[in-house]
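Swiss-Prot lists 91, 182 with the feature active site, proton donor/acceptor, giving sequence analysis as the kind of evidence. The annotation active site, schiff-base intermediate with acetaldehyde is assigned in Swiss-Prot to 153 on the grounds of sequence analysis.
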């Protein structure tokens with residue numbers, strides 16, 4: 001199987017100390033390598049949208065990142081504001097604490113509120129799989145399928161672990177073939193990206209996109 005890795009990559013920079021210069025460089029790399037999207041914090045959406053105007057590279061914004069523990073109303077507003085600023089995709093973090101507390105209706109309402117404010121803008125829902133049991137992963141994936149979101153996503157890359165092959169396979173098996181699955185966190189080289197794609201990922205979130213498309217190894221500190 002020949003894989004066009006660039007088509008899978010959300011070229012990502014989410015560090016709290018990321019500078020505007022670094023975001024501009026991220027966008028330049030995305031244009032050069034024809035990545036699917038860049039993924040940035042919502043405060044940098046206007047910069048990314050300006051840099052990528054007139055190109056095929058989409059702007060993705062994270063919401064409620066990285067903890068997912070804020071007010072539902074704040075998440076919904078942030079999504080709406082990011083879209084207004086130029087975001088073409090939204091990646092939100094679920095409230096993991098609510099899930100672990102058994103507050104299933106609240107978790108679902110949290111996702112639905114953001115989805116409703118996204119309207120036609122694709123929504124990806126970050127599970128933070130490293131903190132969840134297999135049963136909880138299935139539970140959230142089924143919830144997302146019911147809510148008709150575009151993607152389920154493994155990780156923020158800011159917790160105790162990133163994407164794992166077995167979690168991607170489980171997510172794909174749960175949501176079926178019509179939803180997207182995004183593997184993110186610790187995908188730093190071509191071999192790992194290939195493993196995730198073969199497991200069922202249709203998008204890869206990584207700060208190592210250039211290394212992946214060039215067949216090199218990124219640093220261990222990369223997202």
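Any Cβ shown, glycine's included, is placed from N, Cα and C.
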In whole Å, how far does the CA atom of residue 182 (active site, proton donor/acceptor) lie from that of residue 153 (active site, schiff-base intermediate with acetaldehyde)? 4
Integer Å distance between the CA atoms belonging to residue 91 (active site, proton donor/acceptor) and residue 153 (active site, schiff-base intermediate with acetaldehyde): 8
Could you list the residues of the same chain, at least six apart in sequence, whose Cβ is under 8 A from the Cβ of residue 91 (active site, proton donor/acceptor)? 39, 60, 61, 62, 63, 65, 123, 124, 125, 126, 153, 182, 205
Within 10 Å of the Cβ of residue 182 (active site, proton donor/acceptor), how many other Cβ atoms can be counted across all chains shown? 28
According to DSSP, which kind of secondary structure is residue 91 (active site, proton donor/acceptor) found in, if we only use helix, strand and coil? strand
